[in-house]
Amino acid sequence: MGSLFRSEPMCLAQLFLQSGTAYECLSALGEKGLVQFRDLNQNVSSFQRKFVGEVKRCEELERILVYLVQEINRADIPLPEGETSPPAPPLKQVLEMQEQLQKLEVELREVTKNKEKLRKNLLELIEYTHMLRVTKTFVKRNVEFEPTYEEFPSLENDSLLDYSCMQRLGAKLGFVSGLISQGKVEAFERMLWRACKGYTIVTYAELDESLEDPETGEVMKWCVFLISFWGEQIGHKVKKICDCYHCHVYPYPNTAEERREIQEGLNTRIQDLYTVLHKTEDYLRQVLCKAAESVCSRVVQVRKMKAIYHMLNMCSFDVTNKCLIAEVWCPEADLHHLRQALEEGSRESSTAIPSFMNTIPTKETPPTLIRTNKFTEGFQNIVDAYGVGSYREVNPALFTIITFPFLFAVMFGDFGHGFVMFLFALLLVLNEDHPRLSRSQEILRMFFNGRYLLLLMGLFSVYTGLIYNDCFSKSLNLFGSRWNVSAMYSSSHSPKERQRMTLWNDSVVRHSQVLQLDPSVPGVFRGPYPLGIDPIWNLATNRLTFLNSFKMKLSVILGIIHMTFGVILGIFNHLHFRKKFNIYLVSIPELLFMLCIFGYLIFMIVYKWLVFSAETSRVAPSILIEFINMFLFPASGTKGLYPGQEHIQRVLLAITVLSVPVLFLGKPLFLLWLHNGRSCFGVSRISYTLVRKDSEEEVSLLGSQDIEGGGDLTEDGCREVTCEESGYTLVRKDSEEEVSLLGSQDIEGGGDLTEDGCREVTCEEFNFGEILMTQVIHSIEYCLGCVSNTASYLRLWALSLAHAQLSDVLWAMLMRVGLRVDTTYGVLLLLPVIALFAVLTVFILLIMEGLSAFLHAIRLHWVEFQNKFYVGAGTKFVPFSFSLLSSKFSNDDSVG
């Protein structure tokens, strides 16, 4: 849980990877997901990097795998179930895998092309048979004229003397037959009439069954047509029109004998095509089934290989081009795992020179790493949506686990609604290993990812529902009411008490529309209800007034406590970053400003609850009036809540007024004093420089008292760093002579990278005006925000009131009407009423009201709570991890 309170400490490491082991080392690092790589080639184009050829090879393999998956899905072959995560392929197997995939692609494309060609021929032959069958009824010829009549007589037997006779007999009569889509028939016929000027005879017949288009594969209704025309020019026009309308034209037989021969030949060819096509499909399915067994693992392997080469492109080569140098961010707790991964990669590559690493000091801000599990991930996502935390600052997610569901429940407090939400979340938690839930649609997957958040929200809503004593807008009488109605009757009291008190009798009960219980009457109020609000308030006419007062004060108390806790968490940030002056000059004035005004308001609310009882409630002063008088100083004295109230309020107001200038000017003036070297107090400033420690003799020239080690804090609040691994130490610079003893080449200046890889420190320019303006803006925002943020927490009261009233209206409009119907028809009416009540409860009160309360709870955490201490200006640690790649290959995945 310590890592959830604050992000893990990170370090910048330098990896020295031998060219022969770089691929294997990055493969081992990707499996463990330990480091985040820094791009050392930012100024180099993506197309000019060292491993761009290998990346293109991986993209080519991805293209082949996309084609394979498309063909497998088209053949309805199921892909293997379960998660597949094979390791990245060794370099020796990459060429072999590429050759196998390319060979498989060529084979599949050839077989698929042949299959499509066979299928197209089969569909054309089927269309031809349908055309012959239908057109047989179009033209009926007399059998006795068939031997002597030819539609297209041979030119060899055609003489000039017989030509005119043959023309009159129809020698130049031609036919065009085929199939056309049913929707194009009218336009086709109209175009023929206009283009051919009526010199054509068109006959149509609609096919009973739908046929598949050989070109597009679409199943549609077709019409068979037969066009008779005279003359070659008309024939050319007819054929062009048929091509324009994408008609499927087939030869028309001249004689009945030719028709029979074509029909028999078509039947034989169709049977042969069916046999060949069936065998082709079987072979293609066998190839695809074999490919489907390994396609998922191949996809993951190619993705891993491509990710490795992308990371290698972020590395730089040394002078000899034999060693790759990489810079990575790594958690300090995982450094030994990083070394083990490099050893594993070197061992797998069987190289004589192993890869190694070392850490280098830097002043750059590391990325933020907060380890989460399936329970804390949802709460961390809420915080990260506001902004990723700065490095090593306090993480609000640890406290959000409790405060977020609780503030949600304050606005959503209903035992019944909370219990339904709890059961829904519990169902998701118990079935969280079900694969269909993790692959569900976006809305359901969103609920599934926040299942533990919903679980706590429902559980806390059950608790606040018990406190409000609200269950579907009705109260639960678990322990019996502590108000006694019979004690208000005059017969139960002595004559003295009857004269002194306003009691009931039969006449008062009979004629009064409203009866009032007086807690000052003995025996009427017998103490507080054991848990929550007394159920008798559900019957009271002033129930809403009482609950509004209670929930409004509760909202103010919770809001002030929440904001004060945020200011206190800021103190932990100042302590960690060694900025103690922020505690005295920022945090403590903020706490005094908050507590002296709004903390005192909480004190008055609680004091009035504890001191004034039901008997003395009529004489209790108004908290609002007393709080206003604290700032107005009225001339006429008031009774007040307690003795000495006026003096205490003046002291608190004086502390509040004094904390404001400290908050505005304290930090800028202190930083200005530090920048001037504390000379105004006669204290000289001690400065330090980073010196390379090549030998013990050089460091000893400065004297042992001048060497600062261990990262201790100096008297001016500055942290000292000792870099033992890389040979650097911080040395106090009291005079120029001491430093000159080491030689100018050993003093690291500026912000450049030294040859040993050490990151240098540069001092930023001090700008007092900018610091003052920033602090003034922050102080004004805080002082005004204390008022506005406190008022903002009244949304807890407002949404709780709205939720209770909506629930009450829904009960009154549905359930009360259904329960008051006559018993004869009540049973028949009650079931649909209950079903409608359940549906409206789920959609309106659970989903809509729950979403509203969820958004308001997010706002209270982001604006009112987190801005007191949380900067959220960091960058998220994104490790090079193969687990971030999609290990499950979906049907519509495009690999890339």
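Including glycine, each Cβ sits where the backbone N, Cα and C put it.
Features as listed in TrEMBL:
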COILED    94-128  coiled coil
TRANSMEM  406-430  transmembrane segment
TRANSMEM  451-468  transmembrane segment
TRANSMEM  554-572  transmembrane segment
TRANSMEM  584-607  transmembrane segment
TRANSMEM  650-674  transmembrane segment
TRANSMEM  826-848  transmembrane segment
CB contact flag for the transmembrane segment (451-468) and the transmembrane segment (406-430), at least three pairs under 8 A: yes
Selected stretch (most C-beta pairs under 8 A with the transmembrane segment (650-674)) from 406-430, 554-572, 584-607, 826-848: 584-607
Same-chain residues at least 6 beyond the ends of the transmembrane segment (826-848) whose Cβ lies under 8 Å from its Cβ atoms: 414, 417, 420-421, 472, 803, 806-807, 810-811, 814-815, 817-819
Other parts of the chain folded back onto the coiled coil (94-128), taken as Cβ under 8 Å at six or more residues beyond its ends: 57, 60-61, 64-65, 67-68, 71, 179, 211-215, 222, 248, 250, 262, 266, 269-270, 273-274, 276-277, 280-281, 283-284, 287-288, 291, 298, 301, 305
